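Enquirer: Structure incoming, see below.
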Amino acid sequence: ICTSERAKNTAISLLPIIGWMKTYSFKEWLLNDILSGVSTGLVAVLQGLAFSLLASIPTWYGLYAAFFPVIMYFFLGTSRHISVGSFPVLSLMVGAVVTRLVPDEGLPANITAFEGLTKEEQRVLVSASLTFLVGLFQLGMGLLQVGFIVMYLSDTLISGFTTAAAVHILISQLKFVLGLTVPGFSGPLSIIYTLESVFTQITSTNIHDLVTSIVVMVMVLGVKEINDRFKSKLKVPIPIEIIMTVIACGVSYAFNFSENHGVDVVGKIPNTFESPIAPSLQVFQMAAVDAFPIAIVGFAVAFAVAKVYSVKHDYVIDGNQELIAFGASNIFGGAFKSLAASTALSRSAVQESTGGKTQVAGLLSAIIVLVVILGIGFLLEPLPKSVLGAVVIVNLKGMLMQVVTVPYLWKKDRPDCIVWVGTCLAAIFLGLDIGLAVGLGLELLTVVFRFALVSFSVFLNLLQIYEPEGVKIFRIPSPIFFANIDFFRDKLKDAVGFNPLRILRKRNKAVKKMKKLLKKGELTLTSNGLQATCSMPIEESEDESNMEDLDKPTDYSDLPIQVNWNAELPANIQVPPVNIHSLVLDFSVVSFLDISALKGLKAIKEFIRINVDVYIVGSYIIEKLRNCKFFDDEIKTSIFFLTIHDAMLFINESHPPKTVSEKVMKTFGDCTSLICSFKD
């Protein structure tokens, strides 16, 4: 039945902007969004120019990826913090298709739409058509509600794949850093052919390009390290990439690097948008096999980043709606010759760390890009491409450093290590598309292998277990691995009836308020506990600048009494009560865990930090957890028991069950409080 309420919910689900704009606080959020939008916009301009080099198309088309998709995502996206735009891995995958259909040497593919176009225009047509097709795939998957597909891409697979992509990107930028003319290669072993071409021309290196690149990389890496080390003291990270770009443009213009020293520069940037184009159906046919993995990778990376920030800032994202949002964004962008859009972790980090609260910051970043395209783009024309190559290489640090996880994986989880190494090597030598397929195959084989090792003597007892008051027993009837760890965590929250991280954050906020009010003298200690000296309601602050502090164990120092979180709190402070004191996780039939599951299980710290004792039943996985250094000062080996019966005996000793008279007195006391409230 179509009702007004259902129509309203449908509209909000398809246009999430309706939901969050109703609660938008102009007074508290707008200034933060403006600052974040300007900072992100400047970074987006530089990355747009740099990442377009990976796609083998003119640099200004990278700017389009920081404008058109952002506008569409503003209305359709559910994440409030990711920065939509070009992503180096996607740009590289697009570039592989572009150079295959329009090679540097030889004739282009037999495509009717190429007639009368220059090689540059042909490449732009391929890139735009491919982006449009990627958007169609993503939109189709979103409408078919298959957002769950990303759960089959484990953290290990994505780590190995992105590391391989970083190697490809690094090799592809050598020609700009060294000032060489290297033809584009695609297909298996393309990285070998590229290296061969680079080393055969190494004696022709342009020393001005090389020195410029080295200076930029050293400066950017050094200042980024300072930003990381002093991020708690810096309100805004030092925009070193922007500073070095401005300096490089000035030096290049002053000494005329292009003509006097043969340095390849960005060149003419049109101060207008080009007319939209229709995609080529022939490109669709030739690139369909390439477009699907691009669509999957683009969405998987964006969703992973969005999920990190949604957990940190306590809101919900919808995987299917994200597919629809990115699909529509890439269709819209492809029509205007944009690169395929996803998100870049470094750019999203800038948007979030500079105080961005919503996608208003993203919209403002698009306006900054618009100003550059239409107004001041000519100032970037003398920028050496070697500087852009250096910026790209510096931004690969995070992805390249993932290789240090290999020794850890080999010691702790060899099947996951095989997936990582196999995916990485296949993607490096056979190409990113084939590498992704190999990684998925290896992942499937490891899951089958692990299940084959399950002891058939283990069985699931389906009898209902009695749960004493204050105790929740949660049974896990299968192995826990990358494909079901999120499902496990969601079901655990449903079973206990609350989100422990949300409770922890509210408690930490409440303690901070109590300490603040005590210092001001607005709270006093009486025989009944802390009492407010005034009855004015205290509004909860929306400042989320120190979200990391709210996730730490509650600091009760400087409080004169112990807080009873299930009692009424002073000064109208509201914290949801927790109705359990013990949580028993029955892992008796869990035969294996992978690395993704181990990371997910660390969430039991959230229960421990809100004074819920956690106990794990099962003997199959304790050795695995010990080898992987799962235990620490908060999660100790003493939480393990062989049977539920053993765990319950220990719980009964720690929390003796209430007698009948105590329950009657509690009920009588509750009734008395209720009667008093009615009398009042």
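Glycine is no exception: its Cβ is also placed from the backbone N, Cα and C atoms.
Unlike curated records, TrEMBL annotations are generated automatically.
When I checked TrEMBL for this same protein, it listed these features:
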type     : residues : note
TRANSMEM : 34-53    : transmembrane segment
TRANSMEM : 60-76    : transmembrane segment
TRANSMEM : 82-103   : transmembrane segment
TRANSMEM : 124-143  : transmembrane segment
TRANSMEM : 207-224  : transmembrane segment
TRANSMEM : 236-255  : transmembrane segment
TRANSMEM : 283-306  : transmembrane segment
TRANSMEM : 360-380  : transmembrane segment
TRANSMEM : 386-410  : transmembrane segment
TRANSMEM : 417-441  : transmembrane segment
TRANSMEM : 447-466  : transmembrane segment
DOMAIN   : 461-651  : domain 'STAS'
Enquirer: Three or more CB pairs closer than 8 Å, sequence separation of 6 or more: does that hold for the transmembrane segment (60-76) against the transmembrane segment (283-306)?
Expert: no
Enquirer: Does the transmembrane segment (360-380) come close to the transmembrane segment (207-224), meaning at least 3 CB pairs under 8 Å for residues 6 or more apart?
Expert: no
Enquirer: Find the member of 34-53, 82-103, 236-255, 360-380 that has more C-beta pairs under 8 Å to the transmembrane segment (417-441) than any other listed stretch.
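Expert: Most Cβ pairs under 8 Å with the transmembrane segment (417-441) come from 82-103.
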Enquirer: Given a Cβ distance threshold of under 8 angstroms, which distant residues of the chain, six or more beyond its ends, lie next to the transmembrane segment (124-143)?
Expert: 55, 57-58, 61, 94, 97-98, 101-102, 113-114, 117, 149, 277, 279-280, 283-284, 287-288, 290-292, 294-295, 298-299, 320-341
